[in-house]
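*Asks:* Okay, so Swiss-Prot annotates it like this:
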MOD_RES   Met1  N-acetylmethionine
MOD_RES   Lys3  N6,N6-dimethyllysine
MOD_RES   Ser280  phosphoserine
MOD_RES   Ser283  phosphoserine
TOPO_DOM  2-39  topological domain 'Cytoplasmic'
TOPO_DOM  61-83  topological domain 'Extracellular'
TOPO_DOM  105-125  topological domain 'Cytoplasmic'
TOPO_DOM  147-167  topological domain 'Extracellular'
TOPO_DOM  189-201  topological domain 'Cytoplasmic'
TOPO_DOM  223-249  topological domain 'Extracellular'
TOPO_DOM  271-287  topological domain 'Cytoplasmic'
TRANSMEM  40-60  transmembrane segment
TRANSMEM  84-104  transmembrane segment
TRANSMEM  126-146  transmembrane segment
TRANSMEM  168-188  transmembrane segment
TRANSMEM  202-222  transmembrane segment
TRANSMEM  250-270  transmembrane segment
Amino acid sequence: MAKDVEAVPGEGFQTRDYQDPPPAPFIDGAELKKWSFYRAVIAEFVATLLFLYITVLTVIGYKIQSDTDAGGVDCGGVGILGIAWAFGGMIFILVYCTAGISGGHINPAVTFGLFLARKVSLPRALLYIIAQCLGAICGVGFVKAFQSSYYTRYGGGANSLADGYSTGTGLAAEIIGTFVLVYTVFSATDPKRSARDSHVPVLAPLPIGFAVFMVHLATIPITGTGINPARSFGAAVIYNKSKPWDDHWIFWVGPFIGAAIAAFYHQFVLRASGSKSLGSFRSAANV
């Protein structure tokens, strides 16, 4: 793949100091034969399990400490700020740990956005999403096992639309929140930025985790903050009450729409690589 060139006044054309990686093949049969592929799937499973275990346990703990009827105190526990830190901090830690193995997705919406941008193949995207959902179920299952007396009483960490908010408001909150997250992922992992600033790959988990933190601060009062279909799915499966299931579609449709908008914006508006990705889709279809 030839390097991109750009015009410099008075100097004609010069080679850029970075190279865009080629689009991932739509279906890559060769990667299915590699151990590294399945190792990455396992990493996504374990990372999502740990993510749900720590974060849902934090939510349950906060509700226990703030329940005055059960001996808690008003404004007790970590509060919304602490919950947001738990989600953002765990994403920072887990992305840092798994980025070199699986890319550190830990979220079907992130995987979907990267697939649309041709960063991952279809088989990888599908297996990642399955692994993330299974990991989420197991993670919340551990919370229920260790906090069986409190888990159901305090809502199981399940996402649902808060009273007083319309379905449209909840859906918009999930779309915008996921857009912020996936847009941050694209920006933090941009090969152009990584090539010019050698510290960027090391620091990439920090803005991603901080984006999760900020979105939680904004949307916990509305939906409990999904922006991660696996997180919402795992909690809904284990809690298994009607309210989370009634609202559950919001936590798949919203994040996937937000991820698609972020992928389109980054690839087609901010970068010229979008046309190349679209062309490779057409080439794959004609093979």
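Cβ from N, Cα, C; glycine included.
These figures come from a predicted structure and were not determined experimentally.
Help me picture where these features are in the structure shown.
*Replies:* Within the same chain, residues 23-28, 31-32, 37, 40, 44, 47-48, 51, 91, 94-95, 98, 132-133, 178, 181-182, 185-186, 227-231, 255-256, 258-260, 262-264, 266-267, 277, 280-281 sit at least 6 positions outside the topological domain 'Cytoplasmic' (105-125) and bring their C-beta atoms closer than 8 Å to a C-beta of that stretch.
Residues belonging to the topological domain 'Extracellular' (147-167) score a mean pLDDT of 93 in the model.
Same-chain residues lying 6 or more positions outside the topological domain 'Extracellular' (223-249) and placing a CB less than 8 Å from one of its CB atoms are 48, 51-52, 55-56, 87, 106-109, 129, 132-133, 135-141, 143-144, 151-152, 155-162, 165, 167, 170, 173-174, 177-178, 181, 212, 215-216, 255-256, 258.
Residues of the same chain lying 6 or more positions beyond the ends of the transmembrane segment (40-60) and with a Cβ under 8 Å from any Cβ of it are 78, 82-83, 86-87, 90-91, 94, 97-98, 101-106, 124, 127-128, 131-136, 138-140, 142-143, 146-147, 150-151, 154-157, 230-231, 234-235.
Same-chain neighbours of the transmembrane segment (126-146): 40-42, 44-53, 56-57, 60, 102, 105-108, 111-112, 120, 152, 156-157, 229-231, 233-235, 237-239, counting only residues six or more beyond its ends whose CB sits under 8 Å from a CB of the stretch.
Residues 107, 109-110, 113-114, 117, 161-162, 200, 203-205, 207-208, 211-212, 214-215, 218-219, 222-223, 225-227, 247, 250-251, 253-259, 261-263, 265-267 of the same chain, all 6+ positions outside the transmembrane segment (168-188), place their C-beta atoms under 8 angstroms from a C-beta of that stretch.
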*Asks:* Per DSSP, what is the helix/strand/coil residue tally across the topological domain 'Extracellular' (223-249)?
*Replies:* 17 helix, 0 strand, 10 coil
*Asks:* When you scan the chain for residues with a C-beta under 8 Å from the transmembrane segment (250-270), skipping those not six or more beyond its ends, what do you find?
*Replies:* 107-110, 112-114, 116-117, 159, 161, 167, 170-179, 181-183, 185-187, 223, 226-229, 232-233, 277
